[in-house]
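Working notes, structure below.
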Amino acid sequence: MLDKIVKYFLENRLVTILILAILIVWGIATSPFDWKLPFIPSDPVSVDAIPDIGENQQIIFTQWQGRSPQDVEDQISYPLTTYLLGIPGVKSIRSNSMFGFSSIYIIFDDSVEFYWSRTRILEKISSLPSNLLPDGVNPTLGPDATALGQVYWYTIEGRDKDGNPTGGWDLQEIRTAQDYYVKYGLNAVQGVSEVASIGGYIKEYQVDVNPDALKAYNISLMQVMTAVQKSNKDVGAKTIEINQAEYLVRGLGYVKKVGDIEQAVVAVKDNVPIRVKDIGVVNLGPATRRGVLDKGGAEAVGGVVIARYGSNPLQVINGVKSKINEIASGLPKKTLADGTVSQLTIVPFYDRTALIHETIGTLQTALSHEVLISIIVVLILVLNLRASLIISGLLPVGVLITFIVMRYAGVDANVVALSGIAIAIGVMIDVGIIFVENIIRHLEMPENHGVKGKELLNVIYDATTEVVSAITTALATTIVSFIPVFAMQSAEGKLFRPLAFTKSFALLASFILGLVVLPTLSYFIFGVNYNKKRVRRFWSFVFISGGILLSIYFKMWLPLALTLIGLYDLLNHKIPEKYHHYTKHFNLVVLLFIVSYFLTEEWMPLGVQTSIFGNYIFIIVLLGIILFALLSIVNTYERTLRWCLKNKGKFMLIPLFTLLFGVMIWIGFATTFGFVAKGFNKLGWNIQESKVWTVPSKTFPGIGSEFMPTLNEGSYLLMPTSMPHAGIEQNRKVVGQIDMIVSQIPEVDMSVGKLGRVDSPIDPAPISMYENMIEYKPEFILDGNGHRMRFKTDNKGRFVTKSGDSLTHENALKEHISIKNLIADKDGKYYRNWRDMIHSPDDIWNEIVKATKIPGVTSAPKLQPIQTRLVMLQTGMRSPMGIKVFGPDLKTIQDFGLKLESILKTVPSVKKDAVFADRIVGKPYLNLNIDREKIGRYGLNIEDIQQAIETSIGGMKVSSTVEGRERYPIRIRYPRELRDSPETLAKILVSTPSGAQIPLGQLVSFEYKQGPQSIKSEDTFLVGFVLFDKNESFAEVDVVNDAQKAIQTKIDSGELKVPQGISYKFSGTYENQIRAMKRLSIVIPICLLAIFLILYFQFKTLIASTIHFSGVFVAFAGGFIMLWLYSQGWFLNFSVGDVNMRDLFQIHPINLSVAVWVGFIALFGIATNDGVIMGTYIHQVFERKNPQTVLAVREAVVQAGKQRVRPAMMTAAVAIIALLPVLTSTGKGSEIMIPMAIPTFGGMTIQIMTMFVVPVLQAYWRETVIKNQLKKERRNA
């Protein structure tokens, strides 16, 4: 079948070229990178920073204004939760009852379709039993968005024409513009689910009644409410005709101003109307608020744009920006006292565009570096310019085809998905290398020298089909190896399935190109007789003229290279024959120099502080060391292999020791050799206490585990809390203080704080919870696509500003120089935004923590915006790890949580400052206990008293004005000075049926009590949280295990008693790790079995399949050895110039996360490739020669090894070297790429050993068969 495909496209070359051209154009059109090619329409892959790994969640939000959390829990959250439990597909239901509202989170199974779940919820809500919820309470469904939906936050500020802040606007004016202009404008953008407001004051009409006037006129509060309600109404009276014209009849009575309410008649006494203004004061004032926004220490007004589920976040943000530009001119403006014209302006403080561009930019950079470095390796190893062009030219096409499949398979382009392409580059190159190397080998055979036309076609066909089965097997094992990734569930499945898809797409694309396009290109390129004088002269002039023309637009190196190649080809015939041996690779050397130069300019591994020449030399030396080592193996291969064949037992000790060493690194010395300790224990010797045991146990403790390395988002979300009793004014001061302090840190670009909640179901935060969004500057100034920018410098390396000053980097930082002050120059230097003492984002976080130690405010775990949303969605907690305490009542839960808090603070691996147990019952309550006997004497009932309390103290909304597009509430209550203490509350008058006015203090008793600020539950069970975080040097799973042991020890000793009805469990992202490991422990063995079966189908014998499968174990050990080396302080601890190699290669302890296991899974797939290629050729040699003696077997093995060691080493070299840019990448997204690349890098390095293991085992197998036959013949003789 495959042979027929090769033959068809080789014979129909025009079809092949057309398909290639279509794929290239189509791939460019669907590329996620913003290439902006005007002649190709763009239809890009959906782009985001990371996959949405949140739970399949829907929110039901119910408001009940003024009600306490206990009332909300008892009358809304609990009954509604029990009613909704019956919805099909529900996995869990969480609820949070707070002051004035209830939030219920319904978590569905991942298999449930998002919008299907919404329709089921709406069905349930629409058919609620009549007595389930209080009258007038209507639950609503939250926005159709996920945890990653908050893509754009902004403030609205007054600014002049130059963009400078002006002030001059009060918070109510700005909030009105936000609520009735900006919000609706942005809501109209396609893909926006909701725009929510935060900060400022909502205007309302406030009627402050005078109790003395009410008593004097004998008017009840109910009469005032009725009067105001009746004074605000429009009606329609259909139509009338006048002179045959139809007129619409309207009765206009809506309140338009304060005076309209003042004129409302409440009662008539002696034919004199008593109006509202006679019994109270009407004014405009701010409504009660439960959320505040602060920017740099000053209150602000803003909003958040929430993207709809399934939308393209980047397109949504771009649409929002376009809409902002469209509505900007219509925002209010005013002339200030000094004559400055100030207009409200939308100013973003969180824009995910930068994170997306920087993340995608990191991957784009890594991919481009991998392509360039692969081209260099191919040029050096193949030593054939035409072959190098074929292999290198098809690699970008394979990537473009992957983009096409991603676009129409619905796979978003994000850091994980594009990492799949990055780790597939080496294998993609390998496919081309194996095909082309075999074609060259066939063309170099004496009988094929100088073939043309049909004969050349047949040679290429034979060479391609000869290796197609081996390549098919190798790719099949690679793709099958990713079955465990496809089998992952929940968060880990959502995170890594895109990677499995993209890697599979990329490998299939390279295979298809190898079958369809590569043979045709080989025919065209190898078929050109470049030695003809006319052809050579034509191309010489093309290169020379091209070099001259390009010198106008490009730097000198590319034009110079083309010119040199052209001159060499033009003058080559004049070079004496005796020098041809030295000059035959001149063009290749020139091309190698240029590609290396471009790689240096793009990569700059030693940093911008080192000259481009220094970086160039470093790259050449680095690649030279690796290639020299590999080529040394090739050159000494025959001699080494012969020794190994003679000393099989000695040689096999090396891979066996490597395997044992890798296992020991993985699970630890104590676990690996635990059986030894048990044996000595039986003999009465406790070896575990001797240095022989303790020293290696400490050296090899095993590798820690965590769920995922954290993606650097470029911003932090500082989430401390104050004490529950703190009021909104106190919290506002503190959050402003935090913003001012943090803004003074030089690396911080902006700090915007939020306390309380935005007006949206997505945010259930109490006023004691702060969220300070801290945007810190990237290490270097970047352009809009996340790439570093260069700026003009003088001859001393100082930066030249637009004002003409020349500043050193240190002075520029002191002067707060930014991109606005610098002059962009493509030949200049990069500008570093950080001080010399700041080496990583962790250092910035430590500066923030030091600066924000404020009395009365808790510390906070290190979190970032997206990370926080995902963590809170998955666990309901605002920390990556914590303990959920379930119990019968809130006080018992709180007391037990505080005991756990004190225990956790003693655990060494737990960060003490981050331990915090919920102070659930800490909110001060003032309870008004109604005396039923006393109210009965006055003919009053509970409803009468409660209405008086609700209206006079809390204020009751009785109506809303209609002022064009704007709507404002009308609220009635007592003046503040008559309702701000128990003494004044006792004087509130309550009207009786007889008309008498009775002070409230005679009807109720006042009680101070502590109560809950919020009440949380899971599946109807009350729950409280104990939050904690890990110290930097510990792994998540290890920290949780330490905490569990500490608590269990206290319980066993009797120091901690678990109250009746109390249960607790650890929760957090580590649960994902545990679940993923359980799944992988089943699926990975099945995957390895599938790889083994593929090998069996290829080699048809169990022994041969086992021999080639051995490469998996060797590579597995190599991956763990590399992880161990990364944890050793001495590894690569030296400097080249001013750059330490540990910093360059991001060397630090790597925990066993799902990302690392995905790297191992990728390694399993390619670990057998070289063995398959080597083994396939060994089998072919044995079939041809059929050796019958031990010496003949060894000679056959050596011959096969000699033929295949070069392409095998080439593939290994590409697989290893292509990962160097990934290992040295530092941009956003590298945190996930590097852990995935380390196992492959280490495994492929050690896996070179299989170049000897496979032949040795093959020889041993064949020799054993021959020896057994000889023994049998001797016995028979």
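Counting begins at 1 with the first residue displayed.
In case you wondered, yes, glycine gets a Cβ from its N, Cα and C as well.
Unlike curated entries, TrEMBL annotations are predicted automatically.
Remember, it's a predicted structure, so these values are computed and weren't measured experimentally.
The transmembrane segment feature in TrEMBL is assigned to 12-29, 366-383, 390-409, 415-436, 456-485, 505-526, 538-562, 612-634, 654-677, 1080-1099, 1105-1126, 1207-1224 (among others).
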Candidates 390-409, 415-436, 505-526, 612-634, 654-677; stretch with most C-beta pairs under 8 Å toward the transmembrane segment (366-383): 415-436
Other parts of the chain folded back onto the transmembrane segment (1080-1099), taken as Cβ under 8 Å at six or more residues beyond its ends: 469-470, 473, 476-477, 480-481, 483-484, 487-488, 1105-1106, 1108-1109, 1112, 1157, 1161, 1164-1165, 1168, 1172, 1175-1176, 1179
Candidates 415-436, 456-485, 505-526, 1105-1126, 1207-1224; stretch with most C-beta pairs under 8 Å toward the transmembrane segment (612-634): 1207-1224
Whether the transmembrane segment (390-409) meets the transmembrane segment (1105-1126): three or more C-beta pairs under 8 angstroms: no
For the transmembrane segment (505-526), sequence-distant contacts whose Cβ falls under 8 Å of one of its Cβ atoms, 6 or more beyond its ends: 2, 5-6, 9-10, 13, 16-17, 19-20, 386, 389-390, 393-395, 397-399, 401-402, 405-406, 409, 420-421, 424-425, 427-428, 431-432, 435-436, 439, 443, 456-457, 460-461, 464, 468, 471-472, 475, 478-479
Same-chain residues at least 6 beyond the ends of the transmembrane segment (654-677) whose Cβ lies under 8 Å from its Cβ atoms: 687-688, 693, 696-697, 699-703, 1110, 1113-1114, 1116-1121, 1123-1124, 1152, 1246, 1249, 1253
